[in-house]
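Trainee: I'd like to ask you about the structure that follows.
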């Protein structure tokens, strides 16, 4: 194995990926397997670079001094020197007049900022102080509302950078066709250089309590689901009244498992239908963009038609309520089998396709967090499919089954007002998620987390069986509320939904097209990545206004269940803890990604989720 050339802590000059620019960086670590150096730029950005893209400061400065004293053409043979003589320079042996000398000085003034393309690239680009400030996310003014700068940075291609290099760093005039051909040849040489691929390194900072914490959560999460469901079936669902453990054989029924498999693969068929638009996700570490078909709302309509057909033919949908524990057990078993399959196939996945947070090298941790980022069977993306389809649409079907079960058990001609509110609020939430399906491509689940037990169990078990807890509770514990109370709860839910949707729309529209005239009033802080951090609108109010709206809606979903027991409020309590933990993960990643720009943003927007509180 080749020995490393640069030591940890050494200050060197590192090339910015995809460009010819070199900046001062500090070596933080070295990956012996991938042979990559992890370097840290002045703004806090950390990248993995190859050894060939790093230069020592001493050699950098030495070569620069040589190039300033003489150009390569002056060090060549006399024949070459006479052929490359500039038009303003007289032939050898001929005296120059004063006017000619002045013309030569004027010509030097015009080209004083230019340098020969023959000089090595890493000598040419030592950033000035102003350029360094812009690169580090330190503009002259902290906030901007001119979105044109972000557009230019986002659209910057190697072709444009080559053009700038050719225009600014050529010492020779390009009036003759021969020189144009030489420049065009050099341009093709530049364009042939591929951007550096950032290969994921081993996960160093483990979350969720590391190996021990993730091992415990593999057992704790299923136990929590069954505990909550058993509590809801009791007459007195208080926390101190622990439910009796059911017999293991009562939790499993093959017919129920078959119905669950039928549901899962029916949603897969709906997902594969050639309807809906196809969009590209965010760039991966190797620069590739995956394609996704956006047809979740169509799948929901087809599911609604299928459920309506079952009800028309007198199918008893409250079968879900009668076998709710068995359905939860079937979903848990399927998610476990899927997680094992995902981990086994990830062992053969290329290094660049592994998840940045699930590549620790420890079996339990990688199994839980997900080893592979975007596992696919052909064009079928398993993580993207499970994120919205079986669990989220299943949540609505379960709620409907609970509504019908309540009417049958209590001999009601119409569902209770509490059940109507819970079904309506959560139906709005699911339909909104499916209608705005494309927005999920920018979430942490898609761009950062691998697909392992955590997401598989969460999507297929936790979402449909825990998020429907209020409806399940109301079947066995009916609660009566008045119309004024129902109106107040509805207003609260609408407020949360408005904050949630408008904040997400503002963020997604800004990411998609920062130059949109409708967003001209928004101010932002530029970053070294080319993206902007919004400091006005909802994102200038708190750092995660969408989380705030989510929590308000979660409270509105629990209030129709009354205040006799805390069990229906488990969801809102859990959701607050979940979003606070997710906000901490966001904070850590954004600080590494945006550096000084993120620190400026935190100073500008001090509150994370709850204004004036947290």
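Note that Cβ sites are derived from N, Cα and C of the backbone, with glycine treated the same way.
Taken from TrEMBL, the feature compositional bias 'Low complexity' covers 66-75. Residues or ranges marked as compositional bias 'Basic residues' in TrEMBL: 76-97. Residues or ranges marked as compositional bias 'Basic and acidic residues' by TrEMBL: 102-112. Positions annotated as domain 'Tudor' by TrEMBL: 4-62. Taken from TrEMBL, the feature region 'Disordered' covers 53-112. Under the heading transmembrane segment, TrEMBL lists 212-231, 251-273, 294-315, 327-344, 447-469, 481-500, 521-542, 562-581.
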Trainee: Determine how many residues of the domain 'Tudor' (4-62) DSSP places in helix, in strand and in coil.
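Mentor: With helix first, then strand, then coil, the domain 'Tudor' (4-62) has 9 helix, 28 strand, 22 coil.
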Trainee: With Cβ distances under 8 Å as the criterion, find the stretch in 212-231, 327-344, 447-469, 562-581 that has the most pairs with the transmembrane segment (251-273).
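Mentor: Answer is 327-344, with the largest number of Cβ pairs below 8 Å.
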Trainee: In the same chain, which residue numbers or ranges, 6 or more beyond the ends of the transmembrane segment (327-344), come under 8 angstroms Cβ to Cβ?
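Mentor: For the transmembrane segment (327-344), the far contacts come to 222, 225-226, 229, 251-252, 256-257, 259-261, 264, 320, 363, 366-367, 370-372, 375, 382, 451-453, 456-457, 459-461, 464-465.
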Trainee: Averaged over the whole of the domain 'Tudor' (4-62), what is the pLDDT?
Mentor: 80
